[in-house]
C-alpha cells in the first residue's frame, strides 16, 4: 500500500467503502469512523489545501507562541515561584478560564472595558477572566470558605494595547498567592511582602524596591482611623522623602503627631508592619512612594508593587518593564459575591511572570547562553546494522528504571550521527551495544564530555548509570 499522502482521494473513498461495517462504525487500528459520513464529505476533506492569496499565518495580536527554549526558561521561573508559595504553606487552586459576565463586571473600574466577552453559547453570558483575584473571591463566597492560603497559576486575558517589548500581552500568565481570613493586623501583609522579596531575590533579577503608595495609607488613616486630614497631610510631608522604617520612627518623634491620639493609632499599624518586616529581614526593601498609582477598584487597603532599580550598566533595563510584582489588601471583595454580604478579609500578591521572562530572555540573548530543551540523561546507540531490537529492549529497561533516555528512529543509524546528536542536545551519557558487547554480556557506557568509555555488565548497567548521574 502506498503512503497515506499518495493515495488518490477516490482510492481513499473506495477503501473506506470496503471497510464499512453493518454496525455503522469503521475501525482502522484505534481510529474510528462513522459510516454516515458520505463519500462526498470524505473527498472534500481530503482535497489538498487551496492557497489563499490574502492568508497570513500569524498569532493573534497580543499573543505569542513559546519555543521549546523559551519554555525551559519559563518553567524554571514558574517552578521557583511555586516552590516559594509551597514553602509558605499555600494550597493550589484552579478556576475556569471564563466566568459569568456578571461576576466580572464592575469589579475593575475603568479597566472593565478591557474584559473579553464571549459570544452567547446557550443562555449564559460569559467573559474570559481578567485576573485570578476576582475568581478566587467568587470561589470563597460560593463555597463559604472563611480561611484559606492559596496559590494559583493560569492565563488571563485583557483587551488592551499590547507592548510586547515590555512583556505586556493580551493573553498572559499570572502567578498569585493570597491569604484569606480574619487574622491579627499586619501579619499576613508582612508575609506577602516577604514572599515577594524571596521570589525576586531567588530569580536574581538584580536590586529591587517594593513601593507602598502614600495616598492609600492616608485614606486608611482618615477613613478608618478617623484621623484629621490636616494631620494626615503632616505625615505626608515626611512620606515625600521616600523611606521606610526610619521614616516611621521619625514621625513618632514629631511632637505635633505624637500628641495626637488618632495619629498615633494610624501610625501604629505602619510601625507594626515595619516591625514584622524588620524581623523578616526585608524592611530596607520597602519604601513609601507618593508617585505610585492606585490599583484595581477592589483594593481596600495598602497596595504595593516591586520595581527593579536601574543601573547604567544593565542593558536589559532598556526594556522598561515597569513593576515585576504587585499586591495589596481587598477586604470587601468576597462580600460582593456573598448573598448576605459576609466579608472575608484578603491580602495577596501577583508575580509578573511575563515581564520577568522578558528580562531573563534578553539577558540570555546578550550572554549568548545555550539552553537544553530536553532532560534526556542517556542515549542508546549502536555502531552496527540490524540492532534495532536490541536497542529497543535496552531503552525499555532504562525507561522502566526511571531513566530519561532516547534513541534515533532509524533501523541502521551511523554511530557518528548518534554521537553528534548527543553533543548537540547536551545528553551526558551514551550506552553502546553491538555484536561484541552482546556476546560478552556487557554494555559500553560513554561520557559525552570526556569521551571516555567503560564496559559495564548488563545486569549492573542501571545502577552504574544512576551512580554517574548522581555524581554529575
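The backbone N, Cα and C atoms fix where each Cβ goes, and this holds for glycine too.
Quick look at what TrEMBL lists:
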type    : residues                                    : note
BINDING : 131, 132, 133, 158, 174, 178, 294, 298, 299 : L-histidine binding site
DOMAIN  : 62-383                                      : domain 'Aminoacyl-transfer RNA synthetases class-II family profile'
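Local packing around the Cβ, expressed as the count of other Cβ atoms within 10 angstroms, is greatest for 133 among the binding-site residues 133, 174. The C-beta environment of residue 299 (L-histidine binding site), restricted to residues of the same chain at least 6 apart in sequence and closer than 8 Å, consists of 216, 328, 329, 330. For residue 131 (L-histidine binding site), the number of other Cβ atoms no farther than 10 Å from its own Cβ, over all displayed protein chains, is 20.
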